[in-house]
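So that you can see what the record holds, here are the features copied from TrEMBL:
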type     : residues           : note
ACT_SITE : 70                 : active site, proton acceptor
BINDING  : 71, 89, 91, 93     : Ca(2+) 1 binding site
BINDING  : 198                : heme b binding site
BINDING  : 199, 216, 218, 223 : Ca(2+) 2 binding site
DISULFID : 26-38              : disulfide bond
DISULFID : 37-307             : disulfide bond
DISULFID : 57-143             : disulfide bond
DISULFID : 271-337            : disulfide bond
SIGNAL   : 1-18               : signal peptide
């Protein structure tokens, strides 16, 4: 009898243990696994409508994604080991101390998106560090083929001005860039993974004369075009001649960063770069993993809680394989990965055309 009773108790415990925890009810009938995540549904509604123009993948998305990186990478364990302040990482300091940090050479122009975002963070009473990472994750989910990034909340608003010179510049050497990332625990391959963000990016300050010039021909789609087009032979500068941090572009209207061109051709990173050309899913998977790592730099993840369920599910990619822009052939590719041949990909039909700028909102 005792044995049967014990079995019954254990069976009941297993049944109770199998019952999923009750979800919190949030606004508009939505639910969250953690009640603390409910506020982010309200933030989501607000920024999709009033920051991202109804859920577009446009200029504010590009700048919001850039901001996640500039806030997070401002962290140096090396400086900390030397007894110096090494920055707080993804702590929102670039928003808390915008006047100082957006004047850093690497962050010129970010004062605009910081100014746009800050009122939302204040209105919803969320921390700057949380808001920056949330806005970046929501924004890139608006891009066709984009990732659904992890979002952990719970950062405080306790921050200090980050030290300058921690954010890589497009004029930096590959050695310098890889060293900076190694300081925060990223491998050369993970640096390439993060550069998938340049698939939905444009420049405003490399050459102000051509404000909004994209880094590839599809700046509203999270695809592998940038990994093809950066490897094309450069032919001309799209604006007012060569600018610091810019090298010859392969296509009218497209800007090529010096750092991208060098990383794409460096033996330490070239094969990772090439691996995404014919594998969109791999690019998204590795970008998502690298971003999850970057978004918590400087934070104790044990103090954060997972609100990823609030991030929208992106629309699927139109194609899983990149293509050559019209007017280009495989002979225009500067193949750099010695381990594997460059994938055979198709070219768009028609003559070469100029790539339009990303329009301002």
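Note that Cβ sites are derived from N, Cα and C of the backbone, with glycine treated the same way.
It is 10 Å from the Cα atom of residue 199 (Ca(2+) 2 binding site) to that of residue 143 (disulfide bond).
Taking a C-beta cut-off of under 8 Å and a sequence gap of six or more, residue 216 (Ca(2+) 2 binding site) has these contacts in its own chain: 198, 199, 225, 226, 228, 229, 230, 254.
Closest to residue 143 (disulfide bond) by Cα-Cα distance, out of the recorded positions 37, 89, 91, 93, 218, is 218. Taking a C-beta cut-off of under 8 angstroms and a sequence separation of 6 or more, residue 93 (Ca(2+) 1 binding site) has the following same-chain neighbours: 71, 74, 87, 101, 128, 129, 159, 160, 161, 162. The Cβ centroid of 199, 216, 218, 223 marks the Ca(2+) 2 site; residues of that chain outside this set whose Cβ lies within 8 Å of it are 200, 217, 219, 221, 222, 224, 225, 226, 322, given in sequence order. Its own atom aside, the Cβ of residue 271 (disulfide bond) has 15 Cβ atoms within 10 angstroms in the protein chains shown.
Sequence-distant contacts (6 or more apart, same chain, Cβ under 8 Å) of residue 223 (Ca(2+) 2 binding site) comprise 144, 145, 199, 280, 317, 318, 319, 322.
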